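Q: Sharing a structure below in structure tokens format, with a few things to ask.
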Amino acid sequence: MASTNPPLTQADGYGILITLGTIFAMGMVVTTICQRRYKGEAKNSSETFTTADRKVKTKLIASAVVSSWTWAATLLHSSSVAYSYGVSSPFWYASGATVQIILFCIIAIELKRRAPFAHTFLEVVNARYGQAGHLVFIVFCLCTNILVTSALLTGGAAVVHYLSGIHIVAACFLLPLGTIIYTMVGGIKATFLTDYVHTMIVLIIILIFSFATYIASPLVGSPSKVYDLLVNASRIHPVEGNTQGSYLTMRSAEGAIFFIVNLIGNFGTVFVDNGYYNKAIAASPVSALPGYILGGIAWSTVPFLCSTTMGLTAIALESNPSFLTYPDRMSSDDVSAGLTLPLAAVALLRKTGAILTSAMSAQLIAVSSIVSYDVYRTYVNRAATGKKLILVSHISVITFGIVMNAWSVGLYYIEISMGYLYMMMGVIISSAVIPGALTILWNRQSKWAVCLSPLIGFLCVMIAWLVTTKVQYGSINIKTSASNFSMLVGNLVALFSPILFVHVISLIKPDPILYDFASIRAITLVDDGLENIRNSTFEETERGITILTKNFKFARILAFVITICLTVIWPWPMYGSSYICSKSFFTTWVVCGIVWMLFSFSVVGIYPLVENHRVIMTV
């Protein structure tokens, strides 16, 4: 539902969508043309289109990770969770969605070592398990891309619709238009470059919001003033399950449940998303480890500072006439739709605050590579040339974009919000996490196990999720099935039940020969007739595999140490202490978030300009 008094006109809304889409599309089309003309990049090379010739460097990988993981939920849903549960939620969201990126570096390294010339994760599944396992994971990977893109479009379209009043159908169809164009023309290289630009824009906007809230705004203007307003809000409408009902405590029962749901669900949206494998494949062999570690650490500040700023600002200012819902609080539907951030932004900066960015490109290239390599090349035309695969990729990008536009409109009209989709993702896809990871990591997982465990796990999830909802509420509908406890049960069963199924099935029905990873190592480059690209790729890959092998043990130790720190050592002692932040502690908390963001800005904003200066100069 649009605001009764939107801060933007419909002309503003259409202008923002069309202008931003056009700028991004034209910029990346020109970049692609320049690279082909002045750098000699192959126009008809499917290797270049899908893998960027496997030469993307560390900081650009980190920037792409930050951008890909900074989708609608990162900015919108994290702010809504902070609005609901208080100061603990920014940390719960950030830590609960950072460790997947950190741990994924282990998968990325093993993928580069054991299948150095793979084009997609699904190609690896097919090489190891054949058609049955391949089809199972095609379904789960496409479901992941559909769910993530649905959340992007429903969240983004709801915000633009609310702030400007433009029709929801128009918003759904215009949001991804520019992205479809530049992804179709430039492939994964275009998504890396737009990831960089998008990341810069997002970080700058968050810093603007932070400085406006904690320094410049006449409505708040300092951490001290925000703290006082939060204390007052805690007295007026205390938070159930929080220590003394305070918004300023880490001890939040519902916040802790959200943390577990967030943690488990995001394993699915990373480990079953072909887009993250695409980035690992596109990375230079020596860049996979530092790229994902650096990207994960840098990304964590995005939801932390964004929700600490905008979620808490919404609490602080909703009793102020500048807030669009005044004198009422936000409805639960508005919170679930992700309107906390835009409402806070409008209260702070009025018309200037109504800015929205989108990160859909990674999902488009992920789907195009699945369709071209894992459907067309595997089941339609095994002898497909690079030129033919690019054509199929173009068609799949356009088709997926149009289908998702229509799908998102339908979700809006049946009242499926971004918040519901976000919480449900783990329920739908996380039963494929363990079997998928073990495809690359464990040589004893059998073909029967990889085919059956995700499906049996999904069946168990549906039973657990819906039965819990029925027992708890007496009925099953969108509202009751979205409860934190129902989602918690569903996510727990989704992630952990396949651990049992994989081992039991592998024991009962093992493969006849212990797997040696030779079949996935035998995956070759597509013959595009470009020997210079093939030879340089072979040489660099061989050097990189040697380095990756030496660093693998260090990578595992580093990833697990960071994970334990973020999920156990840091948050739970604070939760157990029931500490309510003092004004000085809250001020320090905010300042640390801003400093952390400035560090991330330098890492993924400034350094890639130096490290990838040839690419940027071409742009």
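Yeah, the Cβs are placed from backbone N, Cα and C, and that goes for glycine too.
A TrEMBL annotation is a machine prediction, not a hand-curated record.
Among the features that TrEMBL reports, transmembrane segment is placed at 14-34, 60-85, 91-111, 132-153, 196-216, 256-277, 289-317, 388-414, 420-441, 448-468, 488-508, 554-573 (among others).
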Q: Report the listed stretch (60-85, 91-111, 448-468, 488-508, 554-573) having the maximum count of Cβ pairs within less than 8 Å of the transmembrane segment (420-441).
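A: Out of the listed stretches, 488-508 contacts the transmembrane segment (420-441) most.
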Q: Taking pairs 6 or more apart in sequence, does the count of Cβ pairs under 8 Å between the transmembrane segment (289-317) and the transmembrane segment (554-573) hit 3 or more?
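A: Yes, the transmembrane segment (289-317) contacts the transmembrane segment (554-573).
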Q: Between 91-111, 388-414, 448-468, 488-508, 554-573, who has the most Cβ pairs under 8 Å to the transmembrane segment (60-85)?
A: 91-111
Q: Quick check: do the transmembrane segment (91-111) and the transmembrane segment (554-573) share at least 3 Cβ pairs under 8 Å, counting only pairs 6+ apart in sequence?
A: yes
